[in-house]
Amino acid sequence: MRRKTEIYSVELNGTKDVELADQKDDKKFKGGKNKDSEPNKSQEEELKKELDLDDHRLSNTDLEQKYGTNIIQGLSSIRAAELLARDGPNALTPPKQTPEIIKFLKQMVGGFSILLWIGAALCWIAYVIQYVSSTASLDNVYLGAILVLVVILTGIFAYYQEAKSTNIMASFSKMIPQQALVIRDAEKKIIPAEQLVVGDVVEIKGGDQIPADIRLVFSQGCKVDNSSLTGESEPQARSTEFTHENPLETKNIGFYSTTCLEGTATGIVINTGDRTIIGRIASLASGVGSEKTPIAIEIEHFVHIVAAVAVSVGVIFFITAVCMKYYVLDAIIFLISIIVANVPEGLLATVTVTLSLTAKRMAKKNCLVKNLEAVETLGSTSIICSDKTGTLTQNRMTVAHLWFDNQIFVADTSENQTKQAFDQSSGTWASLSKIITLCNRAEFRPGQESVPIMKRVVVGDASETALLKFSEVILGDVMDIRKRNHKVAEIPFNSTNKFQLSIHETEDPNDKRFLMVMKGAPERILEKCSTIMINGQEQPLDKSSADAFHTAYMELGGLGERVLGFCHLYLPADKFPQSYTFDVDSINFPTSNLCFVGLLSMIDPPRSTVPDAVSKCRSAGIKVIMVTGDHPITAKAIAKSVGIISANNETVEDIAKRRNIAVEQVNKREAKAAVVTGMELKDMTPEQLDELLINYQEIVFARTSPQQKLIIVEGCQRQDAVVAVTGDGVNDSPALKKADIGIAMGIAGSDAAKNAADMVLLDDNFASIVTGVEEGRLIFDNLKKTIAYTLTKNIAELCPFLIYIVAGLPLPIGTITILFIDLGTDIIPSIALAYEKAESDIMNRKPRHKKKDRLVNKQLAIYSYLHIGLMQALGGFLVYFTVYAQQGFWPTSLINLRVSWETDDINDLEDSYGQEWTRYQRKYLEWTGSTAFFVAIMVQQIADLIIRKTRRNSIFQQGLFRNKVIWVGIISQIIVALVLSYGLGSVTALSFTMLRAQYWFVAVPHAILIWVYDEMRKLFIRLYPGSWWDKNMYY
């Protein structure tokens, strides 16, 4: 009687069955997120159905009957075509792509762009109002058109940058369509894998990618790499046996997109496309919504501030103008002019270029940014949830320790392994190295003689590859050694025997004996031995030798390393002459009373750059959490070696071991670090997970499933953390998408992971993330400096309008002139600040709090507007009044002169000396005053640019000339001003005139005052950290 089908969750690394009944509270873990951020209920139910499997329990006959197929003959072509039409192609549905036009339009209307569109609309409204009242000037039409042009050009630039990253992403995709060897109509055929259907009989061999979910009906030495599902690369044996109730853990199922490492197998396709396990996880990722980036939130916040300031000031002065008996239409024009004067027209272009420059800089450092705004998000990161394999480690098994002659020796685990320091003169090492070399099926692919050993491609599993490369580095040409010691018989490793054995002729022409070499699980190998080799001599395997073995085995195993035992036996020539035929099925040779030679342990070692990178994270206040599918002991060992768990910090288990008491007796609060398994996490409530994340600074999650990685990310986000997640497998894609910034691996990463991520590490190196964090913090700092620089002149541009309205002076500076400041003299200097090097404390600060540490905070606004801004305005008016006074108009005579000044019919207006001025002469003087005001702002902006190089350090600590682009910006300011004044001074439509040389220097004392004032501000901040001055003057 067939058992009732059970439904299992994708707990891929768990050690026990996990029923979905236990996962009903999944939503509780989601932290109350909005509906868009998780799959809807019907979708979840559908995803559950996809795992409604009992195929692993069925006999071959039942399986043939269920799918209407035949193991020998396969499906008929006609039936296959029917199934293909019914189920669709065997491919994952690609993620929904945003149409290019929508991407382009988003660039046109996001953030600053809205402000500029409103500004342009207001300019045109002002022109219409003036036109109706018959006083129309084309200035506002030009201004509106230029604002629209700025939006379009910066939008095109941002779209181009994003499209470039998208194209690089597309190039990751496999260009060659995958093929599958299928039996149809009793013939073997090679067809595109997309055309496979359920019931097809497929054959796979070492090196092939499994083309669909298959139930194995034949297997010979088949091992698969499930890393695209589990994230871990330990080879998994595959057979035809039903070994586990959970279909995800039984050995007779092969999963779509996993790789067959060695051996051969035949299987019946049981799921295709989106119905495969990989398809299910990809569907889970597509249901997870992306959150707004922190920089997008900050820009939105800044737009609100600027809009609020602009509208508030505009309305106040609109009311003032009406109260002062101005015409309502004039008051509306004033309102619009004040709002437009507050809009930082050049800032949109500056921010876009700054993000692009940083993205390019990061690409050079192996970080490909898909979304420009993700650059800054990385800088805000407060928690990094990092995968272990390939990110923190080198993604290759490496020999770490050896034990022979009763000693543990340390092997070189660096990238090239050229510094092996252990004793190689011992006779025991000679025997051990021979076993390591001969008892190994891995081989180098031919034609790689010129490639460094550690980079050569090997056919074989991860452990065998490690042993092969280790032998090649120390002994030389392994393939030549094997030729000289010809293999005559072999028993491959299997999970039942837990050993691998081979028999060889020896290279010594005088020794006619066969050499049998064996490796495997240390306890199994020791059972087969009666002697042990010490210093090249065989000795009886007594209790003291066995105890020494167990001590070494426990020590190496406790380091999280995979330990193998090695032994050999010379077969006597009289019983086993050279003509002897060895039978590996009936085993007609001894497999006991062997000589134990030594132990060897392997680990996927940490990358050499990771400990320093983790240390930098700790200095920067970033918590690094390891999330892996690997064994807790291995995970903890790697965490300790890279500094995720500090040398002095203990887990509950460490304290229990040290005190020799049960784990339950230890007060959890005593432990500073925690290692949590997937099974423990499954039983935690969200509140317990929150408590864990709050109370422990050093955490390792081991044996976790894809859903659990998602739960961990959401738990971190509940603590108001900005979370970065690394991953490479399809299993990681839901968490990558949910994180504030998802980081996929460029080399080992699956396409699904790269699609879900915001950034791709081209070198798969954790240290590149830390580089990215520094770049992200730097861009936030530099954007702050850019905004502070840009906002400062707003007051100097706004005050002339206010004085014009309130005091009735001739207009000190016009809207077109303001535009030349915002888009002419200030653009290149603003961009130059993006090249500014980091201040010394950038990686010693805590991560910024996304709700408290704003891009534009109160301190920045007050300092820019009311401190430096007012100084600039005073400097501008000083030059303005100097120009008018030298021409005969004393400052007092200009008050309430506006109406007479602007009346076209008055051509005999008297100045303070009784001289008469025509309308044209007055207009020319107004242009001169406006040009002088423009130059005054430009001169003071040079000082403002220099002081913005730092926020805390002195300019002299930072270096005046380290950022050469700043000086390019300063020179560009001066050149633009010179061209406008002397080159285009005769073009009356631009409102510029040729200035006397003396007017260029009137504002210089104000520029020096700005510099000195800011240096004093920074000095007091450094001298009195935490004081009122620090809290209110550091922006």
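Here the Cβ of each residue, glycine as well, is placed from N, Cα and C on the backbone.
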Looking only at what Swiss-Prot records, is Thr950 on the same membrane side as Leu809? no
Which range of 562-582, 583-603, 814-834 is transmembrane segment in Swiss-Prot? It is 814-834
Per Swiss-Prot, which of 164-183, 784-803 is transmembrane segment? 784-803
How does the topological domain 'Cytoplasmic' (950-963) divide up by DSSP, counting helix, then strand, then coil residues? 4 helix, 0 strand, 10 coil
May I ask which of the recorded positions Asp387, Asp728, Asp732 is closest to Ser954 (phosphoserine) if we compare their C-alpha atoms? Asp387
Distant-in-sequence neighbours of the topological domain 'Cytoplasmic' (835-854), which means Cβ under 8 A and at least six residues beyond its ends: 294, 297-298, 301, 357, 379-382, 616, 619-622, 720, 722, 773-774, 777-778, 780-782, 785, 949-953, 957-959, 962-966
Taking 3+ C-beta pairs under 8 angstroms (sequence gap of 6 or more) as contact, is the transmembrane segment (814-834) in contact with the transmembrane segment (332-349)? yes
Annotated stretches the transmembrane segment (855-877) and the transmembrane segment (930-949) touching (3 or more Cβ pairs under 8 Å): yes
Asp387 (active site, 4-aspartylphosphate intermediate) versus Asp728 (Mg(2+) binding site) - Cα distance in angstrom: 8
Are the transmembrane segment (100-120) and the transmembrane segment (332-349) close enough that 3 or more Cβ pairs fall under 8 Å, when only pairs 6 or more apart in sequence count? yes
For the topological domain 'Lumenal' (804-813), the DSSP residue counts stand at 3 helix, 0 strand, 7 coil
For Asp387 (active site, 4-aspartylphosphate intermediate) and Asp732 (Mg(2+) binding site), what Cα-Cα distance in Å is obtained after rounding to a whole number? 9
For the recorded positions Asp387, Asp728, Asp732, which Cβ has the most other Cβ atoms within 10 Å, all shown protein chains included? Asp732
